[in-house]
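I have placed the structure first, in the form of structure tokens, so that the comments after it can refer back to it.
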Amino acid sequence: MPKMESMCYTNFEVMNVQDRGRITVSVPFIESENVSKDFNGQRVLQNVSFSIDEGEVVGLLGPNGSGKTTMIRLLNGVINPSSGKMRVGDYNPEKNADDIRSMSGILTDGAGLYQEMTGLENLVFFSKLYKAYDLKRIKLLLEEFGLAEAQYKNVGKYSTGMKRRLGMIKAILHKPKLLFLDEPTNGLDPEGIQMVLKYIKALNQQEGTTVLLCSHILHQLEHVCSRYLFLQQGQIIESGTLKELEKKRVNIIELKVETGLPVSAGEFGFPAAAAGENVYRFTLPDRSDITPLIQRIAAKAPVYHVEIENRDLESLYFQIRGGKNE
Amino acid sequence: MNKQMVWAIAEKDIRGITKNSQVWIGMILLPVLFAVLVPIGFILVIKYMPSLSPEMEQMVNKIISGIGNEEMKQELMSLPSMTHQMIFVVVNYLLGSIFLMIPCLNAMMIALNSFVGEKERGTLETLLFSPVTLKELFVGKILSAFIPAMGISLLSFLLFGTITTILTYPMFDEFIFPNSNWLVMIFWLIPIITIFTILVNILVSARAKGFQEAQQIGGIVVLPIIGLFIGQATGLLIISPVMLFAIGAVLLIANAGILKLITKYNDRNMLFTKQI
Ligand SMILES: Nc1ncnc2c1ncn2[C@@H]1O[C@H](COP(=O)(O)OP(=O)(O)O)[C@@H](O)[C@H]1O
Ligand SMILES: [Mg+2]
């Protein structure tokens with residue numbers, strides 16, 4: 001696990017979420033306006049518009065091939081849009097992309113490291129490209145990401161998780177204001193996913209780093225992202241915070257209740273089904289129905305666990321995608 | 001232009017050469033062949049088995065008759081024997097032209113790999129996503145080919161000089177190497193031709209998708225050198241300091257042209273799209 005304390009390297013002013021909430025008139029940090037991109041006549045992105053505030057962690061979610069990576073490339077100015085306008089900080093990716101790339105860090109899907117060089121050699125090289133060569137910091141980060149021992153080994157011998165962690169270090173070497181993460185958890189085991197996501201969250205909270213995170217794997221993302229953009233076939237089909245999406249999209253509540261004794265679930269007045277030993281799934285029209293239901297169940301049997309099942313990111317995602325297809 | 005970035009790229013690539021057998025084997029093989037084995041072979045054959053080389057004698061006569069500079073011609077004619085004349089001509093004309101293979105082939109192999117190597121490893125994307133400007137990237141790549149290729153050329157020159165001097169000094173009682181041809185070559189033509197080869201091959205490398213494809217196109221640069229060698233052997237195109245200087249001057253102008261071409265046609269978008 002990375003040690004989070006050592007990340008307070010600068011006396012950067014940490015803005016917390018509440019503070020930001022009070023600022024009513026603010027210019028977004030990143031803006032995309034009706035951006036479209038064609039490859040050989042094929043439309044890959046279609047009128048993509050969104051904005052991201054400074055200090056946000058935004059998840060750009062969508063299935064493979066939906067255009068997430070293309071969006072990151074456009075924002076970094078390594079490819080140009082077919083139409084539309086973009087802005088990152090004070091810069092236009094079509095004109096001053098070098099400035100954008102200087103202030104941002106990126107973790108690409110393939111990590112893009114030199115296999116025949118050691119982990120340390122890779123980091124020293126990239127730190128020079130980012131004008132941020134600092135051996136002490138490199139060593140510290142290697143330590144934090146659990147790669148201290150592997151630093152003298154060739155990256156070709158690293159596991160996927162180790163490569164991803166090295167890629168993360170590469171992305172943050174120069175303390176970027178903005179972080180682009182393309183599939184940061186792809187190919188990682190649950191422990192690896194947790195480690196990477198925890199680090200992203202800590203970085204955001206302590207340094208105020210703005211993060212755009214692309215992923216088709218939603219596992220655990222709700223703990224990290226403050227807002228989501230759903231991309232499908234090159235179009236943004238939905239966006240918002242988890243709460244907003246829930247309000248908009250969830251009109252029934254699927255409540256899972258675990259009790260200490262068998263009960264006859266039908267007698268509480270809501271559609272219900274058994275979902276395991278002494279576990280029942282109730283379908284409620286509204287969240288205000290939860291309390292009375294639990295009270296009634298509790299009168300008959302001890303209640304051990306109550307959970308709304310269809311409010312997590314994954315069920316929302318499938319609902320949004322399903323809704324679009326209908 | 002940020003020097004640290006340029007050197008970081010150059011240094012990484014120069015170190016990388018030792019890990020690319022296709023490139024470093026060539027870097028050792030070429031000097032051994034053209035600066036050691038070929039001169040030793042020629043000189044020994046001429047010296048000890050003159051009967052084996054009637055064609056050589058014919059060729060040498062052609063070369064001598066083709067030399068434009070009268071002074072040089074007189075000097076050659078005044079050498080004590082046909083063997084002396086043959087050795088002098090072989091060292092300073094025939095081997096001089098073929099020596100250009102060393103800088104050219106080395107520069108070609110390294111430069112061809114410059115972008116293709118990054119593409120094949122999937123690292124060009126990372127470089128293009130970094131704040132490195134294209135100018136810094138290209139200058140870094142050019143340096144990473146120029147330094148080793150030029151270094152090997154200088155070493156080969158010293159090696160060639162030492163070997164021929166050891167073999168010829170006792171015979172001639174004077175230094176026949178380096179004559180003016182060699183001096184113009186090493187200090188004027190070779191640096192320019194090395195840069196020329198690098199620029200052409202970097203241009204090819206940036207556009208090609210794989211090493212094979214790049215090699216087929218980039219290899220064309222070697223043809224003029226073979227032409228120059230044949231020119232010596234047939235007496236049709238005898239090298240002289242003036243001519244070597246002129247070739248260098250033409251290539252120097254060509255270099256400027258290619259540099260313009262590189263800056264004009266290689267934008268990030270193109271490089272990025274060509275890698276996939
Ligand atoms: N350089 C390219 N040339 C042609 N098609 C491309 C190129 N890059 C991406 N695409 C296409 O664009 C679509 C979106 O790709 P991508 O942005 O990589 O999706 P994602 O990252 O969401 O998986 C895919 O259908 C892909 O094949
Ligand atoms: Mg992708």
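Cβ atoms are placed via backbone N, Cα and C, with glycine included.
Quick look at what TrEMBL lists:
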| type | residues | note |
| --- | --- | --- |
| TRANSMEM | B:21-46 | transmembrane segment |
| TRANSMEM | B:86-112 | transmembrane segment |
| TRANSMEM | B:145-170 | transmembrane segment |
| TRANSMEM | B:182-204 | transmembrane segment |
| TRANSMEM | B:216-238 | transmembrane segment |
| TRANSMEM | B:244-262 | transmembrane segment |
Ask   = Going through B:145-170, B:182-204, B:216-238, B:244-262 one by one, which has the most CB pairs that fall under 8 Å from the transmembrane segment (B:86-112)?
value = B:182-204
Inquiry  = What residues elsewhere in the chain lie close to the transmembrane segment (B:182-204), defined as a C-beta under 8 angstroms and at least 6 residues from its ends?
reply    = 92, 96, 99-100, 103-104, 107-108, 110-112, 114-115, 138, 141-142, 145-146, 149-150, 153-154, 157, 214, 217-218, 221, 241, 244-245, 247-248, 251-252, 254-255, 258-259, 261-262, 266
Ask   = By Cβ distance under 8 Å, which residues at least 6 away from the ends of the transmembrane segment (B:244-262) in the same chain are close to it?
value = 138, 181, 184-185, 188-189, 192-193, 195-196, 199-200, 202-203, 206
